């Protein structure tokens, strides 16, 4: 009877070793495959990077181009504001001036604009603004929710704007698609043109420029990009009233009579400020921080202004602007029209602005005790 074969420990070890070698061989092949795929991907990525470098040689670092911005027809282009320009202080100042101007013009319509991109793209605000400035009623639907309706309204509004501006050699830097796609640069171009054409009572910051990314679709789907500087305001532009007023004439043609006017205004303000043992000798400098304006309004309207509402000893430019803006609010609460000057103008010692504000108070309160 044949005896069963008994596997020795050495034989078992040999079998296990063979299995391990087989596993190592498999893992080695797998590792080699993965390495080749990784290397292949790196080569592919490198080619793609090289292709992008060729297609977009001037694309600024850190600029994100969304897929929808690349869906363009051949030779079509799209302009996007460079993120760094959005943080530019002069550009931010320009946006604020334009927003304040729109809100002032459309105050009676109870329209409040907070963001130019979100509030102007559908044509509603632009329609109301154009009608208010031009005195012309446009034949458009009052409320349009659909994209088609919004673009139809924009088309009507922009046709009216372009018809008005083209004879005066304005370069049209906007269209229905750019406005409706919330292109901030196009919206600002349009508003600046309207403000200058209608001689808006605002001060536009001088030489405001931004960088924009221009994406253009070339043949065979190749995208070409470039970083371009766009000037939004070129010349220094100040118009406080739609027509020149007495202060323009006074400063330009009769500077010798300026002291007479200043003396009259100083006498008026001191008549009231003396009640608090305060005295003014220099109009443009002593009203620049807004404190005397606030106290003067309290005296003229016979109320006490709580000290927590303003900075009694302002140190920064922003604190002074806050004070003057608060004084302007008190004037409006007293029934006066919103001052045409900007708070920043008074803080910057602009004599005409300060004279106009004080003269407005003088006209309304000259008989007040």
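The backbone N, Cα and C atoms fix where each Cβ goes, glycine too.
Taken from TrEMBL, the feature compositional bias 'Polar residues' covers 1-18. Marked as domain 'Calponin-homology (CH)' by TrEMBL: 92-199, 259-366. Per TrEMBL, region 'Disordered' is recorded for 1-22.
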According to DSSP, how is the domain 'Calponin-homology (CH)' (259-366) divided among helix, strand and coil residues?
73 helix, 0 strand, 35 coil
What are the helix, strand and coil residue counts for the domain 'Calponin-homology (CH)' (92-199) according to DSSP?
74 helix, 0 strand, 34 coil
Mean of pLDDT values spanning the domain 'Calponin-homology (CH)' (92-199):
88
